[in-house]
Amino acid sequence: MWWDERVSARFRRNLQPTLTYWSVFFSFGLCIAFLGPTLLDLRCQTQSSLSQITWVFFSQQFCLLLGSCLGGVFKRTLAQSLFALFASSLAISLVFAIIPLCHNVVVLAVVMAVAGLAMGCIDTISNMQLVKIYQKDSAIFLQALHFFVGFGALLSPLIADPFLSDTNCILSNSTANASSNLPHIRKSLVPHHPGNLSHYDLPMKGMVVTRVSYAFWIMALINLPVPIAVFFLLYKERMVPCFNGSSHPLLSADELAMETRPGDKDELSPPVQRAQAAGGHDDLFSCCQSKNFRGASYTYFAVHITGALVLFMTDGIVGEYSGFVYSYAVEEPLSVVHKVAGYLPSLFWGFITLGRLISIPVSYRMKPATMVFINVVGVLITFLLLLIFSSSVVFLFVGTASLGLFLSSTFPSMLAYTEDILQYQGCATTVLVTGAGIGEMVLQLLVGSVIHDRGSYSFLVCGMIFGCLAFTFYALLVFFHRMYPKPSPELDDASPAKAAVGDDTGQYQR
């Protein structure tokens, strides 16, 4: 095997939980990508306007961000984490099954808000648990985790495509005129920017003819094994209430190491246990409590902030590029035909998924800091070349693929790097996930407004600016990493800067 026996043995010991977290992230990916292609059919189903239906995007994304902030609440015991994942993955299957029954746009927005909350919990908890299990070896497993979200995001549009309407799915007197615009409108749907399509006039009343319900029921069935896998993990750990009502505390690396030493287990007093637990991964609101800041240096906060800002920019680029590259391509000066331009978002996400697959073996041989450096420099160079060759359609496709590759591994690499700096004792996972979610939502709104006011060329200018900012924040992160205090045995156990024990057993932590 291309990794050493120690990591291989650790993976075998934690095989079931690792595969379960990966499958849950597939559920996340399945849910995040279906809305764009199916939104026109859902507009027909709810008999709403384009401006009304595109607010469903915002409903999902806002609640995804809220769920990411709240996900850390379930970290205190493994039972809480797994029950949250079980409820979230089951909720996604139920959402898929319920969507065809939503004939009102407000009801649909509420259902998508529930899906967003579930996705946010999955995002935070799955990342957090893999970091807790593998710690210094977590980079490779985080890369695999984010491959599965890319795989799910590729699969759901493929499932939906055969059931999408070729003509307007509301039959009325104006259907013939409106149908000619459908391919362009479908590719132009941009999340979180409802005003983008306000100039299109589609019928809102008439007979609804759409088969998109079958796509959602198929996705509900495909996703159903995921909550079943989480339930089996709960059963294996004897956490199903009817079999075992006790809840096992989720041990930190320090507590786990102490448990493995004969005679030390009883010496760990409850106050110390609570102090150690407080120093680990919390929800965003617990992270902001002043008790977690005692004894922390300014570099402790700087590492959290700069790491989150890097992901704010890079995840924001993913959102704004995938949302607006089609609109950019069909406008002057490129004027790419609609059908050809429609391949650009698929090419972008395809190379993100391919890059995440390639990053799995690469991350074992390369340090996370090096991978993040290559990513942000690659993004910067790609945008620079896109600006230089802005009149070349061929290079637009090449640049789109290149951008997907460089952005693919940024999140898991940054998460592994930041957690390693903080010795797995800070709130990095929660802060980084939240920062990435805010960036994806805010930068899409910002770029949409700028393109509306300044024209399509500003799309690449914005990307270049965001890339420069990402590189700047990464350079600051490296600077604060060098300034960050080294682990010291004199540090108090409750200090947020306390280092984890250097060599843990790698057992699945309850």
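Including glycine, each Cβ sits where the backbone N, Cα and C put it.
Residues annotated as transmembrane segment in TrEMBL: 21-40 (among others).
What TrEMBL records for 52-74 (among others) is transmembrane segment.
Residues annotated as transmembrane segment in TrEMBL: 81-99 (among others). Sequence-distant contacts of the transmembrane segment (81-99) (same chain, six or more residues past either end, CB-CB distance under 8 Å): 20-21, 24, 27-28, 30-31, 42, 71, 74-75, 108, 111-112, 114-115, 117-119, 121-122, 125-126, 128-129, 213, 216-217, 219-220, 223-224, 226-227, 230-231, 233-234, 237, 239, 250.
Sequence annotations record features per position, and here TrEMBL assigns transmembrane segment to 105-126 (among others).
The feature transmembrane segment is assigned by TrEMBL to 138-159 (among others). A Cβ distance under 8 Å defines the sequence-distant neighbours of the transmembrane segment (138-159), meaning residues of its chain 6+ beyond its ends; these are 3, 7, 11, 18, 21-23, 25-34, 36-37, 126-127, 130-131, 215, 218-219, 222, 346, 349-350, 352-353, 356-357, 359-364, 368, 408-409, 411-413, 415-416, 419.
Taken from TrEMBL, the feature transmembrane segment covers 214-235 (among others).
Annotation source TrEMBL lists transmembrane segment at 298-318 (among others).
Long-range Cβ contacts of the transmembrane segment (340-358) within its own chain (Cβ-Cβ under 8 Å, at least 6 residues beyond either end) map to 33, 143, 146-147, 150-151, 153-154, 157, 183, 187, 318, 321-322, 325-326, 329-330, 396-397, 400-409, 412. Taken from TrEMBL, the feature transmembrane segment applies to 340-358 (among others).
For the transmembrane segment (370-389), the residues of the chain that approach it from at least six positions outside its boundaries are 310, 314, 317, 359, 362-363, 395-396, 399, 402-403, 405-407, 409-410, 413-414, 417, 460-461, 463-464, 467-468, 470-471, 474, judged by C-beta separation under 8 angstroms. The annotation transmembrane segment is assigned in TrEMBL to 370-389 (among others).
What TrEMBL records for 429-451 (among others) is transmembrane segment.
The transmembrane segment feature in TrEMBL is assigned to 457-480 (among others).
As annotated by TrEMBL, region 'Disordered' applies to 489-510.
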Cβ contacts the transmembrane segment (105-126)/the transmembrane segment (429-451), at least three under 8 Å, sequence gap 6 or more:
yes
Positions whose Cβ lies under 8 angstroms from the transmembrane segment (457-480), at least six residues beyond its ends:
299, 302-303, 306-307, 309-310, 313-314, 316-317, 320-321, 324-325, 327-328, 369, 372-373, 376-377, 379-380, 382-384, 386-387, 390, 417-418, 443, 446-447, 450-451
For the transmembrane segment (21-40), find every same-chain residue at least 6 residues outside the stretch whose CB is under 8 Å from a CB in it, and list them.
53-54, 56-57, 60, 85, 88-89, 92, 95-96, 112, 115, 118-119, 122-123, 126, 129-130, 144-146, 148-157, 159-161, 164-165, 169, 182, 185-186, 189, 191, 212, 215-216, 219, 222-223, 225-226, 229-230, 349
Near the transmembrane segment (214-235), which residues from the same chain, at least 6 beyond its ends, have a CB less than 8 A from one of its CBs?
16-17, 19-20, 23-24, 26-27, 30-31, 34, 38, 79, 82-83, 85-86, 89-90, 92-94, 96-97, 99-100, 155-156, 159-160, 162-164, 243
